[in-house]
Amino acid sequence: MSARPSVPEPSGRAGDTPPRAGAPARLSPHALLSPAQMAAADRAAPAAGVSGARLMAAAGAAVAREIRARWTPTPVVVLCGPGNNGGDGFVVARLLRDAGWPVRVALWGGRDALRADAARAADAWSGPVEPAGSGCLAGAGLIVDALLGAGLSRAPDETLRALIHAVNEAGAPVCAIDVPTGLDGADGRCPGAAVQADLTVTFCRRKPGHLLLPGRALCGALVCADIGMPAAALERLVPEVHANHPDLWSDVFPWPRADGHKYRRGHALVVGGDRMLGASRLACLAAARIGAGLVTLATPPAAWAIQAGALTSVMVEALPPDGALDQTLADPRRNALLIGPGLGRAPGGRGQVLALLAAGRACVLDADALSVFADRPAALLDALHGRCVLTPHEGEFARLFNPGPDAAGTAGDKRHRACAAARRGGAVVVLKGADTVIAAPDGRCVINDNAPATLATAGSGDVLAGGIAGLLAAGMPPFEAACAAVWLHGLAAGRLGPGLLAEDLPGALPGALAALAGLTGT
Ligand SMILES: NC(=O)C1=CN([C@@H]2O[C@H](COP(=O)(O)OP(=O)(O)OC[C@H]3O[C@@H](n4cnc5c(N)ncnc54)[C@H](O)[C@@H]3O)[C@@H](O)[C@H]2O)[C@@H](O)CC1
Ligand SMILES: [K+]
């Protein structure tokens, strides 16, 4: 089977659109629901005309369909747990057996523990039910994990951990229903042990744990199946987090206009250092490629000749020897500022960052522009404003937001840490990684899932920071600019494939932009 992750196609515009009179609000296909929200929808479904049994039948049918689309008939062992996830497993077992597959079912917990729809699904399975244990996996050509769903209520105990290890060591591919057992759908964490799946089929909407690591890696390919959840059962849900997608920001994407000119497309100013000169150049090129009309690199005088010789369409100007920025900031048309790539930790860096912030313009702070405040984060955090975007990786984030016992609200999973940091700083925070989280001070939060592993290479962060600055210069609001740049960065990398260097990324942005234009009908 293919390991290609599959995500649901959007069925239209995504925002969580306001309802027309008399019509239920439509939940964005990119909304990520917490397990508690999903359970609330399950409970609300019968009153909206769709019984739990019908949902379970549709869930089981979706899983059986996905399995049959990927594997040829092989001996299947379905491991069922005590709740509705186990109920789905019984439905899958019956459907695969009816399709002629050799199927065995093993139950973890007593038959008496099964309730309601799950008990009825078990009744409809006419074959034998073995006790779940390592022995039951012998001869399996495919294992269906229907032990536990997304709402993990506690860490797996010893017997469940042993079963999980047995699944992972059985050597057969695994299809997980809803989540790989042991993964907490709320946050992507797995306290104790978790099944490693090759395919995960979830229902209705994805959960944050499908996108956040380590959950994302445990899922294998991910399919979100439509099981006919009635819109009315979803209408009261207010999603706290979305998967990154152009539907969330394409309406404010700053495409060049026929009546535009370069100043209308904005002027990004990148302040560079005198070491790692390539970093600021990468940022400049990305800013220009993604949409800024003009880009200027302000550089220490010692680096001017090298930078000017290496750049063509990007303007290069020398800062005074003391690094003062008043002259370079005097032109108000320089409407988006970036500092950090290649800045180094020289003593003047802090002053430069604070001077840029004091200008009150859209501003991206990356890398050393963050790290130079490691010993006094409040000096930075108190100077931030609502048009700032911070782009820390985990190490830089920890230096700013977890410096001591008084760090407010920055514990917890990646999403909550990013959100707390955005609130504390009053700025957009892009907490980078394979599962980049973008958080706004007003509570909006997006998880990105299109970044290939090849982006883990020197300089790719500089390109991202430049991309955000370019979109800010072109007039995009900070949160949307961050989401769009992260998405385009991931797409550009994906199109390049293996072997990419950061210097390839700016040149791949036109292709990514063309794909975006195609997707959004621009
Ligand atoms: N979301 C949907 O739209 C639908 C969901 N369905 C299925 O329903 C499932 C959710 O059903 P349930 O709420 O019954 O959840 P589960 O099937 O995960 O079962 C919950 C039970 O497992 C126990 N449990 C949780 N963590 C445990 C641990 N670490 N060790 C031991 N026991 C643990 C709980 O105490 C509870 O008794 C979903 O995963 C999905 O498979 C479908 O049947 C129908 C539609
Ligand atoms: K499962």
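Every residue, even glycine, has its Cβ placed from backbone N, Cα and C.
Automated prediction, rather than curation, is the source of TrEMBL annotations.
Among the features that TrEMBL reports, region 'Disordered' is placed at 1-27.
Residues or ranges marked as domain 'YjeF N-terminal' by TrEMBL: 38-235.
Listed in sequence order, Asn85, Asp88, Gly149, Ala150, Gly185, Thr200, Val201, Thr202, Phe203 are the same-chain residues at least 6 apart in sequence whose CB falls under 8 Å from the CB of Asp178 ((6S)-NADPHX binding site). If you look up TrEMBL, you'll see 84-88, 149-155, Asp178, Ala279, Gly342, His393, Asp462 marked as (6S)-NADPHX binding site.
The K(+) binding site annotation in TrEMBL covers Asn85, Asp145, Thr181.
According to TrEMBL, the feature domain 'YjeF C-terminal' maps to 245-516.
The AMP binding site annotation in TrEMBL covers Lys432, Gly433, Ala434, Asp435, Thr436, Gly461. For the recorded site, Thr436 (AMP binding site), the DSSP three-state label reads coil. Long-range neighbours of Thr436 (AMP binding site) (same chain, six or more residues apart, CB within less than 8 Å of its CB): Val430, Ile447, Asn448, Ala451, Val486.
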For Asp178 ((6S)-NADPHX binding site), the three-state class that DSSP assigns: coil
Candidate binding-site residues Thr181, Lys432, Asp435, pick with smallest Cα gap to His393 ((6S)-NADPHX binding site): Lys432
Lys432 (AMP binding site): tally of other CB atoms within 10 A of its CB: 25
Neighbourhood of ligand 2 - binding-site residues from Asn85, Asp145, Thr436 with Cβ under 6 Å: Asn85, Asp145
Fewest-neighbour residue among binding-site residues, criterion Cβ within 10 Å, set Ala150, Ala434: Ala434
